[in-house]
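Quick look at what TrEMBL annotates:
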| type | residues | note |
| --- | --- | --- |
| ACT_SITE | LYS69 | active site, proton donor |
| BINDING | ASP18, LYS40, 67-76, THR126, ARG187, GLN196, 216-217 | substrate binding site |
| DOMAIN | 12-232 | domain 'Orotidine 5'-phosphate decarboxylase' |
Amino acid sequence: MQTDSIIIDKRPVIVALDFDDLSLARALVNSLSPEKCRIKVGKEMFTLFGPDWVRELVDKGFEVFLDLKFHDIPNTVAKAVKAASALGVWMVNVHASGGPDMIYAAKDAALISNTPPLLTAVTILTSMDERQFGAVYDTGGIDEKVLSLAKLAESSGADGVVCSAREAGSLRRHVDKHFCLVTPGIRPKGSAVNDQKRIMTPSEAIDAGVNYLVVGRPITQASLPASVLSEINASIVQLT
Ligand SMILES: O=C(O)c1cc(=O)[nH]c(=O)n1[C@@H]1O[C@H](COP(=O)(O)O)[C@@H](O)[C@H]1O
């Protein structure tokens, strides 16, 4: 749909590693190639295995998205982003609802690193539907809030947002073509939805103008994870 004007990465899949067992995670990583995907380390693995695990992945040649979704006062977030940047990661994220000063501080901290990571801001979690959203926010709906948070993130210096691919088509009409859209809640046709609410298939997401697809359990829980990754890559290759 918008794919002629935006820059789509040749490796759009980011594999979300959510494991409590380091040897299982290592076995999976050893079956993957940095030429075929990037890796996301989130709260579970970082809490259990810390910066050493992130360094191990970086040393293996993977571009790592350190997904710790910082959300705190600007000074604290800036220091956390500085520490994350020193690990050599490719992307870090914050919650957009932390506000403009927090996002500016995060971006400034990333920029002083020797290898500045991309900074993305989480809009509305893909596990939320309108009912969950209404329990948190008094007015509006998900689409409207994702758009306003994305505009806030863009004007505050973020490189992109984390959102659902369902919002990508609308966001693409309002943000710069270089502003990247990172979308979890990706489910190949027929795979279990789990706790995700706003989902799309890989090809639908790319067609909607997404830059990066975050895919966890459909790959990590498969009996042949590398084959599922190859199938996803093949399903989108003609679109990229
Ligand atoms: O920031 C994220 O990565 C994220 C944001 C969001 O809105 N939804 C979301 O699912 N995620 C993460 O993306 C991954 C999705 O994993 P699966 O549901 O297993 O594909 C998890 O690691 C989540 O923590």
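Keep in mind that glycine also has a Cβ here, set from the backbone N, Cα and C atoms.
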Worksheet entry | Which same-chain residues, if any, lie at least 6 apart from GLY216 (substrate binding site) yet have Cβ under 8 Å of it | VAL15, ALA16, LEU17, ASP18, LYS40, PRO184
Discussion item. With the Cβ atom as the reference point and anything under 6 Å counting, tell me which of the binding-site residues (HIS71, PRO74, GLY216) are near ligand 1.
Written reply: GLY216
Worksheet item: If you measure THR126 (substrate binding site) to LYS69 (active site, proton donor) at Cα, how many Å is it?
Response: 14
Fill in: Sequence-distant neighbours of HIS71 (substrate binding site) in its chain (C-beta under 8 A, six or more apart)
VAL77, VAL94, HIS95, SER97, GLY98, MET102
Worksheet item: For the domain 'Orotidine 5'-phosphate decarboxylase' (12-232), what's the model's average pLDDT?
Response: 98
Discussion item. List every residue in the same chain as LEU68 (substrate binding site), at least 6 positions away in sequence, whose Cβ is under 8 Å from its Cβ.
Written reply: GLY42, LYS43, PHE46, ALA80, ALA84, VAL92, ASN93
Worksheet item: How many neighbouring Cβ atoms, not counting its own, are there within 10 Å of the Cβ of PRO74 (substrate binding site)?
Response: 18
